[in-house]
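Participant: Before I ask anything, here is the structure I am working with.
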């Protein structure tokens, strides 16, 4: 098959992978824009990752998304790593270049910002401190994005203080670390509040941080999207806050990769959201 006739392949690699909504999302976009291409979920064990990445370009893959547990590991296996992926320490989007090199990027932070700007258009992140709960890979992406949009101070709280301290050492003085017992006390005057933990997800412990100090001017977002309306979002809404669920971040972070692989920048709109929720 000649190069111009080849139908591009992309996919998502992780383990487990059955839960991923990415195949439904990319499949919807391919159909919506009438594009030739396929997007394939692949359950790849950690021990097989290097071999699989080496084989994918030969099989016709132009790139792939990366999810748990490989997002950190692929950084070491890539030939080119963007500055933001290096800062975050993880990649979620790979491009297999024609020269044989693997290009690694992280679009999670951009997806986070785009989701808030779309669903809370009056969001003014530079106006007041932000609160971030959690200190894993998602928190790193969110903090990098918040610094980029000009948040003056980030109050970080995590169940493991050591992980939060390590994150502060990477991102600098804008990040202030607080013990988990203070997670509710640090809300005063914050206008951006983000849960990056798995608390509140189906099958996980509930999110139980007191919100008494929460300002009704705050935009509150939860990266958990199963369920869409978490306990945190329900309580924040009851307190008069604008709330944004986590599904939009998933949709927006996927758009740059789709554009690179299939040549069209897809829209993230209500039709996109409905198509993914229907699966």
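Residue 1 is the first one shown; counting continues down the chain.
Here the Cβ of each residue, glycine as well, is placed from N, Cα and C on the backbone.
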Participant: Hey, Swiss-Prot has shikimate bound by 20, 21, 22, 67, 92, 225. Any idea which of 48, 79, 108, 212 it lists too?
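Facilitator: As annotated by Swiss-Prot, 20, 21, 22, 67, 92, 225 share the shikimate site with 108, chosen from 48, 79, 108, 212.
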Participant: From 109, 111, 200, 246, grab the residue that Swiss-Prot records in the same NADP(+) site as 83, 134, 135, 136, 137, 138, 223.
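Facilitator: NADP(+) site check in Swiss-Prot: besides 83, 134, 135, 136, 137, 138, 223, the record includes 246 out of 109, 111, 200, 246.
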Participant: Reported as an integer number of Å, what is the Cα distance between residue 71 (active site, proton acceptor) and residue 136 (NADP(+) binding site)?
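Facilitator: That separation, Cα to Cα, works out to 12 Å.
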Participant: Take the C-alpha atoms of residue 138 (NADP(+) binding site) and residue 225 (shikimate binding site) and report the distance between them in angstrom, rounded.
Facilitator: 13
Participant: Residue 134 (NADP(+) binding site) to residue 225 (shikimate binding site): how many Å between their Cα atoms?
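Facilitator: About 16 Å separate the Cα atoms of these two residues.
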Participant: Determine the minimum-neighbour residue: among 22, 67, 92, listed as binding-site residues, which Cβ has the fewest other Cβ atoms within 10 angstroms?
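Facilitator: Counting other Cβ atoms within 10 Å of each of the binding-site residues 22, 67, 92, the minimum falls on 67.
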Participant: From the Cα of residue 67 (shikimate binding site) across to the Cα of residue 137 (NADP(+) binding site), what is the distance in angstrom?
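Facilitator: Checking the Cα atoms of residue 137 (NADP(+) binding site) and residue 67 (shikimate binding site) gives a distance of 11 Å.
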